[in-house]
Every structure is written in structure tokens, then in C-alpha cells.
């Protein structure tokens, strides 16, 4: 049973994930052909987004998801709030709870920030506070990204169980990689992490995945390839000799794309560094599901908001989609 919050991919059972996928598909279908994309599902609910890091896809898709479900969506940013005057995250959280927030969606540079938010908003009265959804906390996790990636794979390949999925690039700094490894393992996939040793975290051998430093060798047996951006903003040293050498060894070029099976799907959580980890021709090819991921991001986040705010019944049973 899915909890009130979504803080980690590990919060989700296989049944939880499948229910979210099914409801995401239902919401997508319910919106087809509507001149005005509005469902009454969350009418009267207040959803507040708190983005302390830059974001395009995640922030926009959460806002669109809430608005398409008729929620009141309010954005709180450091620059335009008392955070810019030095207010702590805890005081901001308690203020938003007192103002009547039903859900708080947070992206923060500190790992564990979403957990603290959930604890703080519940501790004052001992009652359930607002639902908290982790939209990315430091290098820790990004569970809704893992959900939309997995849904995209399911739509493209028909199933996830037994599929061999490569996650390639900056594993060390990637919350997307961490959440995907956990969720894909829960769903029965075989996950292979491909990266130079310098971009693999300590303890990676204990993850439910195998590790390889040879990209070319892994491609012929891959069903899906998830490419990751090198997160230079989180680096303070030399993790590889040069951009050119990194791209040569770990970039998804046309030559490497030709090594993939014809059915394989290429994914990227964005933003893409074209010409570094992925060639433009590959990103724009028929095997690429990058824009499908963006579309699925809205529908998955609609489903997540539905589950944390309405309950564990499906959207179909509730008549919400």
C-alpha cells in the first residue's frame, strides 16, 4: 500500500508502481480530445511546489499535473519568498502547513530534505501533515523520474520484467540513477550501470545492479539505455581527463546506436548535453523516447498526486479518469 508521502523509490511496491502506471495511462486517455484539459479530481486541494534548484521538466510537469486536475497550484521559490530573507526550510514548511497546503512538492540541493519536510510538518501536532513528494533531493533520489522512465519503457517494450536496462554516465552524482535502480529492480528488470570508475559511488557493489566500464560490450544485449548528464555543477575535481575523451568512451554516438537491437529504446531524463553524452542524431531518432518521457512525466505526476491525496483506489474506481 502506497504511503501518504513519496520520498524514495523504495516506498513503492510492485503493485504501487503498476497502479500508478495504469492510472497515468487512464489520465492520459481521459484528456484526449478535451478542448480544455481539466479534470475535477483535485478540485479544492492546494498543491505547493518548492523548488530550491533549477528545473524545467519536473517543475512544469508537476504544475501542469496539478492544474489539469483542478488543484490550486502555488509556487514558492527562494527568490520570491522569505527564504530570500534567511527563513529556514523548517519555518517555511510550517508556514505552508498552517496556510492549508494539502501537498508539498520539494526539490532541494540537500539530500534528505524531503524526509525532513515530512517530519517537520507532522511533528507539531502529531497528526498527518501535508503529503510530501520528493522532486529530487541532492544526489539522493528522484522517485517520480524513475516512475516516468519505467512507464516509458513499459509503453515502448510492452513489459519491464526480465528486460536488460543500461544506466550510463555520471552515476556518482545522479539521484535519477539511484531511484531507477531501486524501482527497476522492484519491477523485475536487470540493471547494468555503465560508467568510468571515477563516476561510480562507494558501495555501488551493494546495489541491485551489475557494473561495467565497457559501454560497447553491453549494447548488443540491451533493451533500453538511460543516458545521464555529467553533473559538472556537483563536481569539484577532475573525474575524467576531458569532455572529448568522456564522449569517446561513454557517449551514445551513431556508431554505438548501431550496436543496439532494433527494438531497444533510448531515454534521457534531461537536460541533454548534445554532443557529449548523446549525439543529436540519436536523441532525435525513432529509438529515442525523450519527448515521450516528458509527456509521461505529466501523467505520472497526476497519478502520484491522486494516490497521495485521494487514496489507494485506482482512478477508474474513483471515477476520476
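In case you wondered, yes, glycine gets a Cβ from its N, Cα and C as well.
Bear in mind that the values here come from a model prediction, so they are computed numbers and not experimental data.
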Review point. Among 26, 90, 97, 107, which residue does Swiss-Prot name as a further carbamoyl phosphate binder in the site formed by 57, 58, 142, 145, 270, 271?
Key: 107
Study note, to complete from the structure: Out of 57, 107, 142, 175, 229, the listed binding-site residues, fewest other Cβ atoms within 10 Å surround the Cβ of 57
**Study point:** Rounded Cα separation (Å) that holds between residue 58 (carbamoyl phosphate binding site) and residue 229 (L-aspartate binding site)
**Key:** 16
Practice item. Please find, for 57, 58, 107, 142, 145, 270, 271 as listed binding carbamoyl phosphate, the greatest distance between any two Cα atoms, in Å. Key: 16
Review point. What binding-site residues in the list 57, 107, 142, 145, 271 lie within 10 angstroms of residue 229 (L-aspartate binding site), counting C-alpha atoms?
Key: 271
Review point. Near the carbamoyl phosphate site, what residues other than 57, 58, 107, 142, 145, 270, 271 in the same chain have a C-beta no further than 8 Å from the centroid of the listed C-beta atoms?
Key: 55, 56, 135, 136, 176, 269, 297
Review point. Per DSSP, to which secondary structure element type does residue 142 (carbamoyl phosphate binding site) belong, with helix, strand and coil as the options?
Key: coil
Review point. Where the distance is taken from Cα to Cα, which of the binding-site residues 57, 142, 145, 270, 271 turns out closest to residue 175 (L-aspartate binding site)?
Key: 142
